[in-house]
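**Q** Look at Swiss-Prot and you will find 471, 501, 538 tagged as active site. For 373-576, the entry in Swiss-Prot reads domain 'TR mART core', with the evidence type sequence analysis.
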């Protein structure tokens, strides 16, 4: 929790502390495109509800950029399509909307001609006329109104997006928010969002920096390049103290507004020492990256020399905080830099008190993501320096058991027939065997070590305070008559030789439902993130768990309907509750 001394109660009512990234995140499972992904939130104060929706996104199919390979922080933009080659920068080009969908010109009618000529927007008059052409996505899903404005005097062009929720977005109004050919300013490839305003007069203003030659060795292959095309997100200002219905950029290129919040993207201008709080105003020129690269897909060079080193959240409440610019949160980004390819390897969140005191950091050290495919087979890319959060061998064994090893292991423990070849392959792949043709003693020892690792991984998980769990069994088979008798004798103590799977949330339908009551100190553990089937909320017990039969309620008895109604049945319960023949109440014995 962020604590800022000196806030007035009125100010506190307006501010929500920044949402800090959580540690221990993992790459998501690959979707239908086979790509892994992860999202890292930025330290953005929520204001009164209208704040920038920005985050760092990783995709294993992503290219290089200001956050290293695979990472991006995309703002709303409209771009010329390059799917059919280099744009011609005329009416033959296709435009891509903010969602990546191809835009088509809206049909012109007598009541709604398209295009039209405009001299004003609302009460704001312009010094020149604009030709305004309406566009819409080829496949409609967002239901926004999109207008392309082209100046009839100076040729400046920008986009205006009317969102379905009433918010107005202005993209590329000034040259600072347009990615254009330095040798032909009218050849604009991308228009970046520059300002947004809600119907209530709340604004967000985006500032960008153009690439230059600061701290770049301009000799060798860097000589003679025009590197001014690239735009880097620099600041996002929001929380205007005085509401305003109209866009500020209609009348001014740099709005002189009292902003309460500023999100700063720093490229090394303010220093990256975690012990020194950065200043709001840049102190130095930005740093140059070791692996500069260029893009040419728009027909001109877009050269990138920068890495975003940190993201800073500032509050501007001079009366309450005693200073004009107060740093409250900081996302410090660390890279594995080298001349071949730079990777983001760690992210640390630091929060600050009102007096500049730095609170304990929140570290996000993540395993290395799968790198994008490299052309030409093997790469000379140096070994990654990602700060890897190692999983113990015991947790790895437990995770594999949950995913696919449970069947073989439990059959082996119960003395049932099991696929021996599959068991050997599992032990070999998990490095418990060194050969696929072990002796009987080698196989037995390897299985013993593997099972012990699973049990140790289980015991390392946190204890829980659950008092009842459920389990479904299928006992109404002639071959299981002895087992059924064992389970239906009150006072019997059952010893399950295998790992026993239960759930505190649901009882899965079978002919026998076990209500298993727990005492403090039991050895069952919720698998949580280790579980493969997370929807089951599985609680697993180690082998040789003892269960004492306390009571049995058979179908048709007076108490059966009452007990059945109290069960937390699984989703398929409504379809086939009459499969349940008995409910057995039992208790786990800890000794």
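Backbone N, Cα and C atoms are what each Cβ position is placed from, and that goes for glycine too.
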**Q** Under 8 Å Cβ-Cβ from residue 501 (active site), six or more apart in the same chain: what's there?
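**A** Once residues fewer than 6 apart are set aside, residue 501 (active site) is near 406, 471, 538, 539, 540, 541.
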**Q** So what's the average pLDDT for the domain 'TR mART core' (373-576)?
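**A** Mean model confidence (pLDDT) across the domain 'TR mART core' (373-576) is 80.
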**Q** How many other Cβ atoms are found within 10 Å of the Cβ atom of residue 471 (active site), counting all protein chains shown?
**A** 22
**Q** State the three-class DSSP label for residue 501 (active site), counting H, G and I as helix, E and B as strand, and everything else as coil.
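**A** Strand, per DSSP.
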**Q** Where does residue 471 (active site) sit in DSSP terms: helix, strand, or coil?
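**A** Reduced to three states, the DSSP call for residue 471 (active site) is strand.
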